[in-house]
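TrEMBL has this to say about the protein:
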DOMAIN    82-297  domain 'Membrane insertase YidC/Oxa/ALB C-terminal'
TRANSMEM  170-188  transmembrane segment
TRANSMEM  226-244  transmembrane segment
TRANSMEM  256-273  transmembrane segment
Amino acid sequence: MLCRLGGRWLRPLPALQLWARDLPLAPVPTSGAKRPTLPVWAVAPVSAVHANGWYEALAASSPVRVAEEVLLGVHAATGLPWWGSILLSTVALRGAVTLPLAAYQHYILAKVENLQPEIKTIARHLNQEVAVRANQLGWSKRDARLTYLKNMRRLISELYVRDNCHPFKATVLVWIQLPMWIFMSFALRNLSTGAAHSEAGFSVQEQLATGGILWFPDLTAPDSTWILPISVGVINLLIVEICALQKIGMSRFQTYITYFVRAMSVLMIPIAATVPSSIVLYWLCSSFVGLSQNLLLRSPGFRQLCRIPSTKSDSETPYKDIFAAFNTKFISRK
């Protein structure tokens, strides 16, 4: 229904709009009054909201909540201070989850290494057969090369199936360890920022604020001394260098990966200096346990206990060899 007003036909406002129009306007605050604080999402750019969406979604995800319950459960069951609960939880998880997977990784890699002589023999015979067939059928060098590569891939795959040692199985450790590290880090982030509470009703953030030790009594604050962050970087670099010393004749790709991991280890130092000490303590303990597991899995006795096949590259004195290689590369080098 239209009505005529001032020579123009207008549609009447709905009742709801008329009712809202008659409401008194809120007073505009003066310069001395305190303006209401808007939420961050209301004043942040749209791009920033979308950028932080995945971060907050991950922080509130089910795996992170499970990691929070694990930390709270260990703390409640043991009665240890929070620094002790973090250390105990880290050692337990790494020992129960990553150590068996690391042993399995070494088991697969040892079987793959033992296949190399057979693979070289097959490659030599296949190269001779392809060369003969190429001369008989008049293949070009490109066709002969493609035929060789295609058959070589097939024969190697058959060897992996025969010995049940496909190299991809050696990556299981990464696919388990990296998500676990991320979930535990986010869980400690939530606990340190007051996003989670214990069943007793006490703020976990308040408990962490007094749950530290030595120079970092407040686990919710960054380590201003940089001792924890630098320790994390040094241990990670030690792990990288020990692994690099054991590899002879690395490919170009392996060399690039080694440099990348070195750079990430150094980059972790300033990052660790800006996050709560509880997270850095977890990173430090996790890296130290990882270094210990790396050294343990080089022990001939432990490898035999885990039924890891012996290889040509195995040493009866692995720790002595590591020290000698480290000394030659970094200390005695002129």
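The backbone N, Cα and C atoms fix where each Cβ goes, and this holds for glycine too.
Whatever TrEMBL says is automated annotation, not expert-curated.
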Is the transmembrane segment (256-273) packed against any residues at least 6 beyond its ends, judged by a Cβ distance under 8 Å, and which are they? 222-223, 226, 228-230, 232-233, 236-237, 240, 243-244, 250, 279-280, 283
Give, as a single whole number between 0 and 100, the mean pLDDT over the domain 'Membrane insertase YidC/Oxa/ALB C-terminal' (82-297). 88
